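Data block below; observations after.
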Amino acid sequence: MEETRRRFVISSVLSVSLIYLCLSTCHVSAFDFGRRQLRFNTDGRFKILQVSDMHYGFGKETQCSDVSPAEFPYCSDLNTTSFLQRTIASEKPDLIVFSGDNVYGLCETSDVAKSMDMAFAPAIESGIPWVAILGNHDQESDMTRETMMKYIMKLPNSLSQVNPPDAWLYQIDGFGNYNLQIEGPFGSPLFFKSILNLYLLDGGSYTKLDGFGYKYDWVKTSQQNWYEHTSKWLEMEHKRWPFPQNSTAPGLVYLHIPMPEFALFNKSTEMTGVRQESTCSPPINSGFFTKLVERGEVKGVFSGHDHVNDFCAELHGINLCYAGGAGYHGYGQVGWARRVRVVEAQLEKTMYGRWGAVDTIKTWKRLDDKNHSLIDTQLLWTKNTTLEPNFGFSCSTIPQH
């Protein structure tokens with residue numbers, strides 16, 4: 001009798017899972033079939049490696065910027081490659097995010113496709129899924145942003161998208177706006193649910209509007225509308241049968257150029273990491289941060305662009321974090337090691353001993369120094385606690401980027 005009951009329960013769970021899978025695929029485009037589904041590991045963890053501002057050029061022929069005189073004769077793009085290989089081997093991430101200025105197209109490379117191949121090679125060779133968005137320097141060549149994203153999308157292990165399948169509904173600006181859904185691990189009742197949502201956005205390069213001069217671009221209304229619609233749909237899916245959840249799954253945003261809110265923090269505010277230059281953000285605040293606060297889903301926004309800033313600071317429940325510059329061809333600071341940012345989400349255990357929803361999100365940085373130092377471990381968010389907000393302001397002179 002007990003064995004019959006056990007088989008019935010197992011059969012019911014499998015049937016529910018299969019029905020949910022069939023229902024879920026109604027919202028999946030043909031583009032998504034055949035692509036690797038991201039999910040938490042059986043240890044309840046999911047780790048993301050963020051690499052920003054490689055500014056990759058010709059490989060060994062490209063000289064380094066802002067290194068010591070002793071290092072300069074032997075330093076090239078290959079130092080960036082070595083750093084990434086070293087970090088991938090140490091951290092073993094589940095996903096690698098290249099957050100813009102991956103190559104330096106401005107009169108620096110005659111073959112931008114070859115530069116991208118070299119820049120992304122450590123991720124490709126690792127076999128680990130990876131994605132990329134563009135910065136303001138990537139397309140400064142004979143290749144458009146759209147063409148670059150189409151090229152990146154087709155590289156091995158890449159989960160990048162040119163734009164979401166429903167982009168036409170929003171007449172979405174830019175190229176490289178997409179969502180990644182991280183589902184529960186094998187054996188979890190949340191196996192078919194997205195329990196961590198990633199939003200990657202194209203923050204553009206330079207505005208083309210009259211009256212602004214040569215200023216940085218911003219996240220447009222069309223992109224914000226797409227984010228809001230996607231976020232609401234994911235919330236509905238998260239709370240629907242089977243195994244409906246009471247809360248919204250946490251989200252993370254990656255974009256290259258920092259939002260104006262990053263400038264609200266200076267050295268005197270409570271932050272983890274350092275500010276060593278001004279925030280170079282758009283001249284227009286398009287309201288994207290307000291949209292994120294209103295939705296209440298996103299727990300962290302991760303940017304690059306300002307190479308020698310690497311801090312995280314919290315504002316209205318959202319952590320604003322710099323990656324720090326990873327590339328040796330891009331500007332840096334002598335004696336200040338190139339670096340990358342790691343984010344790790346950890347699941348909670350249910351009362352039945354199964355993996356449940358995301359419990360904590362933490363971050364740290366890896367340096368390309370002698371010891372491959374791990375620094376500034378920080379809890380960004382925990383499910384049961386609201387962190388105190390920080391406020392600040394900086395209005396120092398903006399340097400050239």
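Note: Cβ is positioned from N, Cα and C throughout, glycine not excepted.
In Swiss-Prot this protein carries:
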- 1-30: signal peptide (SIGNAL)
- Asn79: N-linked glycosylation site (CARBOHYD)
- Asn197, His305, Asp306, His307: substrate binding site (BINDING)
- Asn197, His256, His305: Zn(2+) binding site (BINDING)
- Asn246: N-linked glycosylation site (CARBOHYD)
- Asn266: N-linked glycosylation site (CARBOHYD)
- His307: Fe cation binding site (BINDING)
- Asn371: N-linked glycosylation site (CARBOHYD)
- Asn384: N-linked glycosylation site (CARBOHYD)
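In the three-state DSSP reading, Asn79 (N-linked glycosylation site) counts as helix.
Cβ-based crowding with a 10 Å cutoff singles out Asn266 as the top-ranked of the glycosylation sites Asn246, Asn266.
Annotation: His256 are the recorded positions among Asn79, Asn246, His256, Asn266, Asn371 whose CA atoms are within 10 angstroms of the CA of His305 (substrate binding site). Asn197 (substrate binding site) and His256 (Zn(2+) binding site) have their C-alpha atoms 18 Å apart, to the nearest angstrom. Neighbour count (other Cβ atoms within 10 Å of the Cβ, all protein chains): 31 for His256 (Zn(2+) binding site).
The two recorded residues Asn384 (N-linked glycosylation site) and His256 (Zn(2+) binding site) have their Cα atoms spaced 30 Å from each other. Cα spacing between Asn266 (N-linked glycosylation site) and Asp306 (substrate binding site): 14 Å, rounded to the nearest whole number. Between the recorded positions Asn197, Asn371, Asn384, Asn197 has the most other Cβ atoms inside 10 Å of its own Cβ, all protein chains included. Cα to Cα, His256 (Zn(2+) binding site) and Asn79 (N-linked glycosylation site) are separated by 22 Å. Comparing Cβ neighbour counts within 10 Å across the recorded positions Asn79, His307, the minimum falls on Asn79.
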